[in-house]
Amino acid sequence: MTRFLLCSFALVLLYPSGIDMYLVGLPRIAQDLGASEAQLHIAFSVYLAGMASAMLFAGRIADRSGRKPVAIVGAVIFVVASLLCAQAHASSHFLVGRFIQGIGAGSCYVVAFAILRDTLDDRRRAKVLSLLNGITCIIPVLAPVLGHLIMLKYPWQSLFYTMTGMGVMVGLLSVFILRETRPTAHPQTATPQHGGSESLLNRFFLSRILITTLSVTAILTYVNVSPVLMMEEMGFDRGTYSMAMALMAMISMAVSFSTPFALSLFTPRTLMLTSQVLFLAAGLALSLATRQTLTLIGLGMICAGFSVGFGVAMSQALGPFTLRAGVASSVLGIAQVCGSSLWIWLAAIIGLSAMNMLIGILIACSIVSLVLLLVVTPPRVAQYDEEAAVES
């Protein structure tokens, strides 16, 4: 079991590392490539577009050909793309490299969740996904620090060489440590009754797609508007802003690492309801805030709400799928990436302020999710195939 957890964690961490590590070198990258920082900020969207593109096919391939081949190919693509970014001499080449890098990270991301679905039952999977969320929260804190230390002595290309090394390590883990976990039965050989229970259009799965997508949209909106809120509206300098973001990351980590213990005391539904109540409270606190302290409390509740509920919701979403876990993971990833991008784009088009953009998604997320949690209940455990057929 340890090998599956180690490989899954490594596969997932390529995604946030590819986002956070290069940001510290953005001014120098823009200078060397003859582009403005604003032009290169699109590299974030390009990276997410690459991830979404990979998710369109990676899950289906993983269900047909196995998790291990997709993990290996994804790691190789990430390595090649990181080298392309390091060798770029024009912004267009850099953006192409970032898109391909997103394809590699997206492939690995999908496979990681499929592996966890293959190897863990509902309760253990919810605990592991909560821990994984906590580990992922460490990356936004550590990656910029590591990037800064690297750039004290080396050029910005070294950031992508570091990512290359990470991709190589993930590839080696996938080749030598990871074992195939895809169930031996093929989806087309499943019985009609079994196949019906794994429909992507069943009401429970659709409800969890919406809940997780809204939750991801809320947390990404917070990340996107935090510089404007803290540095422009609250008057923080860069140092104070970094300290505040580190504090929020610590809240996320503390709650994520506590959630597995909470699952021993409370039901998953209780934790998911708590998550949405925290989102609602955060929205109300931000809308009523007249002091910085209340604003920071509201932002802290966003981090806590996401951390306590997201892993549990993802576990429930994947629960009904044994033979189609890869496709289900892909659908979840695509919905989350596209949904969050759509909201941020629409809010910018409408002209919402940073604070109103955040308050709007928090209120909408909490109300819609609370209704879904109260109305749409999980299928009976008997309908799940909790005994995963793991190939040795």
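Cβ from N, Cα, C; glycine included.
Note that the structure is a prediction, hence the values are computed from the model and not measured.
What Swiss-Prot annotates here:
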TRANSMEM  4-24  transmembrane segment
TRANSMEM  38-58  transmembrane segment
TRANSMEM  70-90  transmembrane segment
TRANSMEM  95-115  transmembrane segment
TRANSMEM  131-151  transmembrane segment
TRANSMEM  158-178  transmembrane segment
TRANSMEM  209-229  transmembrane segment
TRANSMEM  246-266  transmembrane segment
TRANSMEM  270-290  transmembrane segment
TRANSMEM  294-314  transmembrane segment
TRANSMEM  331-351  transmembrane segment
TRANSMEM  357-377  transmembrane segment
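For the transmembrane segment (4-24), the list of distant contacts is 43-44, 47, 51, 71, 74-75, 78, 85, 101-102, 104-106, 108-109, 111-113, 115-116, 119, 128, 132, 135-136, 139-140, 143-144, 146-148, 151, 156, 159-160, 162-163, 166-167, 169-170, 173-174, 177-179, 181: same-chain residues at least six beyond its ends, Cβ to Cβ under 8 Å. Counted as Cβ pairs under 8 Å, contacts with the transmembrane segment (131-151) are highest for 294-314 among 270-290, 294-314, 357-377.
With Cβ pairs under 8 Å as the measure, the transmembrane segment (357-377) is packed most heavily against 270-290, out of 38-58, 209-229, 270-290, 294-314. The transmembrane segment (38-58) makes contact with the transmembrane segment (331-351), as judged by at least three Cβ pairs under 8 Å among residues 6 or more apart in sequence. Contact between the transmembrane segment (331-351) and the transmembrane segment (70-90) is absent: fewer than three CB pairs lie under 8 Å, with pairs separated by 6 or more positions in sequence.
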